[in-house]
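Peer 1: Annotation source Swiss-Prot lists compositional bias 'Polar residues' at 1-12. Per Swiss-Prot, compositional bias 'Basic and acidic residues' is recorded for 16-26. If you look up Swiss-Prot, you'll see 1-26 marked as region 'Disordered'. Here Swiss-Prot flags 130-172 as repeat 'PFTB 1'. Feature annotation from Swiss-Prot assigns repeat 'PFTB 2' to 493-534; the stated evidence is sequence analysis. Feature annotation from Swiss-Prot assigns repeat 'PFTB 3' to 570-610; the stated evidence is sequence analysis. Annotation source Swiss-Prot lists repeat 'PFTB 4' at 619-668. The site 'Transition state stabilizer' annotation in Swiss-Prot covers TRP396, PHE453, TRP591 and rests on similarity to another entry.
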Amino acid sequence: MQSHIGQWTSTAKGHLSRDENGDEKTDYSRWRLVDRQGRQTWRYLESDEENEKSPQTVPEKYFLGLDTGLPDLPKAETPLQAAQDGVSFLSQLQLSSGQWASECTGPMFILPCVIIAWYVTNTPIPPAYAIEIRRYLFARQRVEDGGWGWHVEARSSAIGTALNYVVLRLLGASKDDHRLIQARKLLHSYGGATYAPGIAKFWLCVLGVMKWECVNPFLPEFWLLPDSDPTAPSKWYIHTRTNFTSLSYIWSKQWSFAGDEVTKQLQTELYPEPYSAIDFAAHRTSLAEVDNNYPKWWLVNLMNWLTVAVYIPYMRKKATVESAEQRVWELIQAEDKNSEFIGLSPISKAANMIACYIHDGKDSESVRSHGETIFQYFWMNGEGMACNLSDGIQVWDTSLAVQAIAAAGGAGNPRFQSTVIKAHEFLEDHQLLDDVQDQEMCCRGHRKGGWPFSTKYQGYMISECTGEGLRSILQLQKTFQLDLKKRIPADRLHNAVDCLLNLQNDTGGFGVYEKRQGSLKLAWLEMGEFSGKTMVTYDYVECTTAVVSALASFSEFYPDYRKEEVQTARTRGLEFIKSSQKPYGGWHGAWGVCFTYAGMFALESLALAGETYSNSEPSRKGCTFLVSKQRDDGGWGESYLSFQKEEYIEHEDAQVVQTAWACLGLMHAEYPDKTPVKRGLKLIMSRQQSKGHWLQEQYEGGVGDGVISYSNYKLYWPVRALAEYVRRFGNEEM
């Protein structure tokens, strides 16, 4: 086991302490967030000399839950003062590259993929990381039953419990720890790890603690299908096809870790019966009821059975397998090259690393490159070390933060101009200036002119990020007080619009990464089990509103560029937004919780098209819906359960971020009574802290039916709502 956890290089182990649970804890004053042109990596300074030479910054202290040392501010009496106090705090968190770093965690099945990849490739796990990952997982363990869900708010399940139990054991936790005894008991009550969803079984097979017969096939031969085939992977949702590519390579090789003492012990711990007595093939379709949120269609089960019982033993030719594996390997190489070994997600990243280990060997350049970039996915907070859903959300956060600062007058305020200028420089630097190489071969859409979620190095364009990035640039470049040394020229802004226009689907809506490639009927092939909507590129209200709003802003500055096409795209987008409205007035969101989030963006898009409460039935219905959800304390509070129920579910408490969203939606729509907005802003101001910030409440974002933390939302959305109130109604005392 010790060969997998790296050695301390100094006397740093003497700096360790024990937390309230008796677990080892690192010295938080030694953690540093390295920012290399937007690439973020947490580093632990083991030597006293390093620690003294590199004092901890305000952002680092804040992320770690330490005292920032910032002064207390007088309690704000007006919305403008509250907004400016918020900007003051937010500006202190900007990193040297001009961006804002943040946590983007939530799903609990992602970290195990990365740790297993580290383990099976014999890549040393930094000891400080191992300690803090253990702390984070124990902090996220559910007290009532000892398990973990598939995301942090979810009920315990086989996927969360099996995978996170394994991670804790790989990182040195004892099987006799009372918390692991409780988790093991729960897992056995589900039937053991053989009752976990297919993706969990896959990673357990890679680790060598389950037999491959237990896993439904991941046939690389799918990649030999012509693009004309409606089920070809090129038609799938981009995350599913990218993950499938490297997973299918590993599955086809039937590769497993050779094993060590820990994995031998896990073979006995993960199951209620002896490992040698398990008929793994009989459990290929076994699934705990608690994980079966999206039952597979009978045709999918039939296809899997025919593949296992007929195709593989009798029809699968060696030459076909070799051709398929070669095609998949070329796609893996292209993905690594185009994303600079960062990958689309931690899952595809981890699987690509293992595929490179199998194909190129342990000491290869590809494995080394993966080992260097994998750190960009980890995030430290006060509870320990987690794994972000991506390598960061730098562009997304920076775009929205700078809009909030500008709304509060920061662009014209000498105190904050350097902050805004640095943010502009970051956004200018991270616009994608070309398409990927071998675009058609690797099934990538046009990205030139767009912006990514994180950085240009990762390189995946996202519609919302392109829309908000474009709006931010336009807003800043029109501010005459700013001395912008490197303005983005018109042709690059035109490229951004070209990129957006390429993304619109036949419905008028927009997806996340690309135009829909396949039929909506691909949803019949859903295999997510615990999470749904994994096969199809769907239209999303938030993506559509971001594009429609960006095109509206662009037309103000460049009214003649592709005038008819821009107007047509806006009109069709607005029609989609209206058609997506529920009969009772709400819009169902996907990437933020939920009706409150989508409602804000939808009402803004309608307003930019001249449709407000006074002249638009959709706007009136949207406002009436939002006002009906205001709580007695003046705030709004919506549970993430709205994702799954597809109806507004109340949270037990009002939420600052959702209150800001609701207030913004009402103000965008020019709701005639400012009383609900004023009540909401009073709640926001009452929760503002003495440094100018707001505390973390419920996770704000969404993925599938689960939650994601967008930890900067609580810092800039309230500012934006307060500033918008001042712009519309004046700076009255509250």
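Every residue, even glycine, has its Cβ placed from backbone N, Cα and C.
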Peer 1: Three states by DSSP: which one describes TRP591 (site 'Transition state stabilizer')?
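Peer 2: SS state of TRP591 (site 'Transition state stabilizer') = coil.
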Peer 1: If H, G and I count as helix, E and B as strand, and all else as coil, what does DSSP give for PHE453 (site 'Transition state stabilizer')?
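Peer 2: Its secondary structure by DSSP: coil.
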Peer 1: How many other Cβ atoms sit within 10 Å of the Cβ of TRP396 (site 'Transition state stabilizer')?
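Peer 2: Around TRP396 (site 'Transition state stabilizer'), other Cβ atoms within 10 Å: 25.
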Peer 1: Short question: which residues 6 or more past the ends of the compositional bias 'Basic and acidic residues' (16-26) have a Cβ under 8 Å from it?
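Peer 2: Those are 44, 128, 131-132, 134-135, 138, in sequence order.
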Peer 1: Can you give me the same-chain residues 6 or more apart in sequence from PHE453 (site 'Transition state stabilizer') with a CB-CB distance under 8 Å?
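Peer 2: Residues satisfying the criterion: SER390, GLY392, ILE393, GLN394, VAL395, TRP396, TYR460, ILE462, CYS465.
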Peer 1: Over all shown protein chains, what is the count of other CB atoms within 10 A of the CB belonging to TRP591 (site 'Transition state stabilizer')?
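Peer 2: The answer is 20 other Cβ atoms.
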Peer 1: Any idea what the model's mean pLDDT is for the repeat 'PFTB 4' (619-668)?
Peer 2: 98
Peer 1: Could you give the number of helix, strand and coil residues in the repeat 'PFTB 2' (493-534) as assigned by DSSP?
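Peer 2: Tallied per class, the repeat 'PFTB 2' (493-534) gives 15 helix, 2 strand, 25 coil.
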Peer 1: Run through the repeat 'PFTB 4' (619-668) and tell me, per DSSP, how many residues are helix, strand and coil.
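Peer 2: Across the repeat 'PFTB 4' (619-668), the residues distribute as 28 helix, 9 strand, 13 coil.
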Peer 1: What is the number of residues in the compositional bias 'Basic and acidic residues' (16-26) that are helix, strand and coil, as DSSP sees it?
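Peer 2: Going by DSSP assignments, the compositional bias 'Basic and acidic residues' (16-26) contains 0 helix, 4 strand, 7 coil.
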Peer 1: Where DSSP helix means H, G or I and strand means E or B, what are the helix, strand and coil counts for the repeat 'PFTB 1' (130-172)?
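Peer 2: DSSP classes over the repeat 'PFTB 1' (130-172) add up to 23 helix, 1 strand, 19 coil.
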